[in-house]
């Protein structure tokens, strides 16, 4: 018998690198999307931490009145934020090398634009990386599809809305109180609470929380016991076991009797599709609503919809909300303009008797 030995071809460094990047045996999968994701998210995180701690005040409204957002300039964890890029910059691309000096870049809020751009690219690549790993493992692509909902929401808040409003200064500040300020101003200017797509998003988030709690409690309550009464039921589960770990028939029967038969799923695949789709579709609609309101296609307006036979207005809840909106609009950017647009564009009512 003759043995033929062939010399193995030397693998190039590039091929070795490609194999390492795309290997599913790594403790953390990198992937080609990860090559972009990792430096982007590291950059965004590093600059955010530094700016949150030490960034000097930013002239957010472009009127030479800087607003302090960092911890070293008098804020705490609640009030601190990375202040959005100045209204004087608008939508211009504003990297460090476009400013005359580092001090000017910081004064005009350059870190905000740097963080947002790297963050959005990073989370988009994270979504692509989810798809890439699923593809290499032979899985279906729906994990990445589900993650597209928060990616769409973040993109709407940090990119689409500033584009529609004409300035990055209208983006959401990167902080706790800054987030709430953004929400209040958004309600004042766009009446988001009366927008059907926002309502769908609320139903998606709260409904998803309810369904998640219901599903988790039902599964935990219908585990198939593999242990004695003296041991934890959890000890009877072995990772990767072929047998089912809970009795879906028992869970279905319980829930069907609690409400009614057809309110309960008897198909595990349909159930888990529903659990995924409900919040995802709701958040998709919210992101779409934010993106339309960015261009001032606002929530429904029912102000002064009800009048009596004499033509006098009978106030409804819509009128109460409108009064609150005007109050919030008066309070924000108080030095950037004399009157809110809603008040400045309407002729003052007569005060004659």
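Positions of Cβ are set from backbone N, Cα and C atoms, glycine also.
Small disclaimer: the values here were computed from a predicted structure and weren't measured.
Looking at 86-101, 102-117, 118-133, 166-181, the range tied to transmembrane segment in Swiss-Prot is 118-133. Note on Swiss-Prot: of 142-156, 232-246, 247-261, 292-306, the range annotated with the feature transmembrane segment is 142-156. In Swiss-Prot, the feature transmembrane segment is placed on 274-288, out of the ranges 274-288, 319-333, 334-348. DSSP classifies residue 332 ([CaMn4O5] cluster binding site) as coil under the three-state reduction. Rounded to the nearest whole angstrom, the C-alpha distance between residue 126 (pheophytin a binding site) and residue 198 (chlorophyll a PD1 binding site) is 26. Across 29-46, 118-133, 142-156, 274-288, stretch 274-288 shows the highest tally of CB pairs under 8 A with the transmembrane segment (197-218). Just so you know, of the recorded positions 126, 161, the Cβ with the fewest other Cβ atoms around it within 10 Å is the one at 126. Counting only same-chain residues 6+ beyond the ends of the transmembrane segment (274-288), those with a CB under 8 A from a CB of the stretch are 142, 145-146, 148-150, 152-153, 155-156, 197-198, 200-205, 207-208, 211-212, 215, 265. Residues 24, 29, 31-34, 36-37, 40-41, 43-44, 47, 139, 141, 143-144, 147-148, 150-151, 154-155, 158-159 of the same chain lie 6+ residues outside the transmembrane segment (118-133) yet bring a C-beta within less than 8 angstroms of a C-beta in it.
If you look at the transmembrane segment (29-46), the same-chain residues 6 or more away from its ends with a CB under 8 A from one of its CBs are 20-23, 114-116, 118-119, 121-123, 125-126, 128-129, 131-133, 136.
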